[in-house]
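Taken verbatim from TrEMBL:
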- 54-128: domain 'Uncharacterized protein YyaB-like PH' (DOMAIN)
- 9-27: transmembrane segment (TRANSMEM)
- 33-52: transmembrane segment (TRANSMEM)
Amino acid sequence: MPRLFPAKVSWWLFGPILALIVGSAVANLLYGALMGALVCLAVAAFVAYVVLYTRYELTDKATLHIQSGPFTWQVPVQQITRIVPTNNPLSSPAPSLDRLKISYNQFGQVMISPRDKAEFIAALQQINPSIQLG
């Protein structure tokens, strides 16, 4: 049975960003720039979609399916070699800076931010007990 793990969201990070974009839309409307307001609202909607629709699913086929808005990644759990906690701010499908860096294959890496990191790691280790931590 597939297991779904919601992402942890750092609202202190994304709240101000969304507020600035929406504020820009309002300013554009006040100055009569309807197109500018629409562009700002479209950008705000996209950012909200990516932040709110980020999740991690362990499928029946032992694959970690990562979904972040319209972007997806597939990582076979048997290929995961290491999981390390990180606060690296680089772009990744993780709407929080409280992240896990997952290394797989020889050079593959992805950073994610499951809400319950301990449960997520335990679920991965049930499938692949050779995953190293730390």
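For all residues, glycine too, the Cβ spot is worked out from N, Cα and C.
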Overall pLDDT for the domain 'Uncharacterized protein YyaB-like PH' (54-128), taken as the rounded mean: 96
Under 8 Å between C-beta atoms and at least six residues away from its ends: which parts of the chain pack against the transmembrane segment (33-52)? 9, 14, 17-18, 21-22, 24-26, 68-71, 95
